[in-house]
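**Student:** Please find one structure pasted underneath; my questions will follow.
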Amino acid sequence: PSRSVSARDISIGCERLDGAGSWDTLEWTKIEPVTRSVSHANFEFLLEAERVLDEGHGVVLVNTDEAGTLFVTNFRLLFLVVKIQSTSRNTNKSSSRRLLQIIDHSCLGHKLLSDSIDMETVMDLMASLHLAGKDMRIIVFCFRPRTKQRRAIFDALSRCTKPERIWDLYAFTCGPSKFCNLSPKVRLLNEYFRLLGKGFHHASMRMIEDGSFTMSNDSWRISDINFNYSLCQSYPFALLVPKSVSDDEIIQASNFRARSRVPAVSWCNPETGAVLARSSQPLVGIMNTRSTADEKLVAALCAQLIDEKDSRRKLYIADARPRKNALANGAMGGGSESSSNYFQSEIVFFGIDNIHAMRESFARFRDYLDTHGAASSDGMSSFLRHGGWTWGGGNLSSMSASVSTLGDSGWLIHVQSVLAGSAWIAARVALESAAVLVHCRSESF
């Protein structure tokens, strides 16, 4: 049967295989290498504008003990298994893994890193290529000994991790774009115009060059204070800010926020005035430092009244961190806001762990699925494989141990926290027409 995998991201790693997956047990002599050149134009499985970047022949997919040809294209990774049927007709079966993003292309294990071995030596030692999918499956390919194929495949994948231009991605090479202008700056301004209720205006590069994009309505304005990214390198060139706050005050407020990520509007409802803003943590420190400019900027997010009855708009400051993490950051110069300093505000902590805890939890979750999933990188069978009969057969001891291991990874708790926080924010904006400022430590949302 054909093997099918689907995941948007892959990471690349390498290690030597032991036991059933070692080089000694692989019968390489039974794998017939393809020596003649292949015309990629005749491959029916290639999509429009898809092209082969590199290929490896006589490659073994350890997970299924199948041999075939491995292709790296500008869109995906293809493993083509060629089998001879009794009718002497070739049947090509392929499995693909998308290559939109490769989240990690380090093939150096911790032991190799500590030994300071150069890349050429590492590639010579490399016995296998591990592809860790976003669907948690780990696919392992082994290459013919004493060939340069694995290095070629690795280099091709590495080039896909960091394209020189965003337009080199397959998404921008196949077919016409739905945008009449591909400039991200133009698209950003058109979105700002829509939020300001001025959708009849259309941004252009000329408008950006002459600086005529700084439009406004009664509540919000487009500021060009970050036009040269001198205020904040990780923010766009144009910011949507309250109209009542001047650029000088925004500069002052930026000194009070980590990495100068000032409170800026990400989305607003032109009808209700509800607003979603983002920023980084305030630099309050252990002395509980205050900033008049920052307090004015944040208060301006909810200055607009909700209705004709002069109902005050509520401001929620959603700190994604656990409260204890915010306090710990305060000892290092950061921290969180105080509701007594910010007008009509309420501080809410979502309890989402930091990125380091997330990565560790994700790694444990991946290890769990690699051990108990339907297919794994070790090429061995587990009690969940071959149709999962153990689950259905009621092996409660094994099942209980498996569920316990899954819970210990903490990944499902992280997912629950993120979803619960997102739903809470959406409810405040939709049901209360509130203003919500979201931040954690220094990451922007």
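Quick reminder: no glycine exception, Cβ is built from N, Cα and C everywhere.
Okay, so TrEMBL annotates it like this:
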type	residues	note
DOMAIN	200-445	domain 'Myotubularin phosphatase'
BINDING	N354, I355	substrate binding site
ACT_SITE	C440	active site, phosphocysteine intermediate
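For the listed features, I'd like the structural context: burial, neighbours, distances.
**Tutor:** Its Cβ taken as reference, I355 (substrate binding site) is surrounded by 11 other Cβ atoms within 10 Å in the chains shown.
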**Student:** What same-chain residues, at least 6 away in sequence, bring their CB to under 8 Å of the CB of N354 (substrate binding site)?
**Tutor:** R321, N325, C440, R441
**Student:** For the domain 'Myotubularin phosphatase' (200-445), provide the mean pLDDT of the predicted model.
**Tutor:** 85
